[in-house]
Amino acid sequence: MKKQRNLRSMAAQAVEQVVEQGQSLSNILPPLQQKVSDKDKALLQELCFGVLRTLSQLDWLINKLMARPMTGKQRTVHYLIMVGLYQLLYTRIPPHAALAETVEGAIAIKRPQLKGLINGVLRQFQRQQEELLAEFNASDARYLHPSWLLKRLQKAYPEQWQSIVEANNQRPPMWLRVNRTHHSRDRWLALLDEAGMKGFPHADYPDAVRLETPAPVHALPGFEDGWVTVQDASAQGCMTWLAPQNGEHILDLCAAPGGKTTHILEVAPEAQVVAVDIDEQRLSRVYDNLKRLGMKATVKQGDGRYPSQWCGEQQFDRILLDAPCSATGVIRRHPDIKWLRRDRDIPELAQLQSEILDAIWPHLKSGGTLVYATCSVLPEENSLQIKAFLQRTADAELCETGTPEQPGKQNLPGAEEGDGFFYAKLIKK
């Protein structure tokens, strides 16, 4: 019989890899979950996501509770204590069990000599919890965001930054996209009801359904047969502006993992779609999504800055550019973003977006539509990016989304329960 793994130590090591090594939790967590029993998968995910969501608070508390930070080979213990604090603050796990399992985690990370230290710090927190939390709630750390990002949000949204931060710190709802080639949304909602679950239609996006309670995908009616796809409502909004038509040649650039590629084909099943992404590994998910939905598209690996390398001189009727960005609009869904991103990344990403826009524009037919989209809330990547593009591109015209002075449509996190997202619809004169 396989020895029971210590979930607390696994969570601590995963968070350490995110914060100290810059690895994405999306890459780290799935292989870890394969190592634990089905009943423990959800708890492992909760511990990892929860610690990353509240990292500022947990770090602040440790600095108050310990005279010196844990460094070097003992650094993992710092994150193990974070996991312990998170359980005491945010879970229903009985405190004695949370303490015992966290202390035992020291053995799993080969630091058994520090069991007493871990136990002492966590018990000290229990004794001082009320006064520590009162002090924390009066500090800037209470916003649970790195200071550089907080400053950018305050500058860009002087009236709204607090609501953005609050939305980022919430657990996200689960949004689905009903495949209209199989069922109407109303029909699928009836099937969902028959399966004992409840969903709510989005007022503006015709395929979007929000589950009352998140559920595993295998429990959703027809998921394996392509009847429904997990996709946030704001991401589904891209199709409102792209408006793909049958018979058109359409490019989905920066396409992985393929959610928007398949949405194009649901709306326009007879469109000729080319899906391109620079990341060959992530392209495998585009193939997986196409296969599950029984769809066909031309899938290519390529760099958006050099389109002639993968499409020659070909032009398209419509282009969806879901540009690489800071992902500051989806922090509630991916809390590791707060700790993976740095302030210096923003101008670098804006430059990359600018290069891709300039490179792909000649591949749009005259009269064609390009939708520029990001899951960012930062103006440098969004309205300012499009404003600069319009100023230097004589044959580009903004359509339906904003004004030349304030181009694009910005959805903020939590608005209509969707992610933060930006769209700009451009027409080639």
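Along the chain as shown, the residues are counted starting at 1.
Even glycines carry a Cβ here, placed using N, Cα and C.
The structure displayed is predicted, hence computed values, not measured ones.
In the record from Swiss-Prot, residues CYS254, ALA255, ALA256, PRO257, GLY258, GLY259, LYS260, ASP277, ASP322 bind S-adenosyl-L-methionine; the candidate from ASP303, ASP343 listed for the same site is ASP303. Within 10 Å of the Cβ of ASP303 (S-adenosyl-L-methionine binding site) there are 14 other Cβ atoms, across all protein chains.
Within the set of recorded positions (CYS254, ALA256, CYS375), the lowest number of other Cβ atoms found within 10 Å of a Cβ is recorded at CYS254. In sequence order, ALA275, ARG285, VAL286, TYR287, ASP288, ASN289, LEU290 constitute the residues six or more apart from GLY258 (S-adenosyl-L-methionine binding site) in its chain with CB-CB distances below 8 Å. Taking CA atoms as the reference points, CYS254 (S-adenosyl-L-methionine binding site) and CYS375 (active site, nucleophile) are 13 Å apart.
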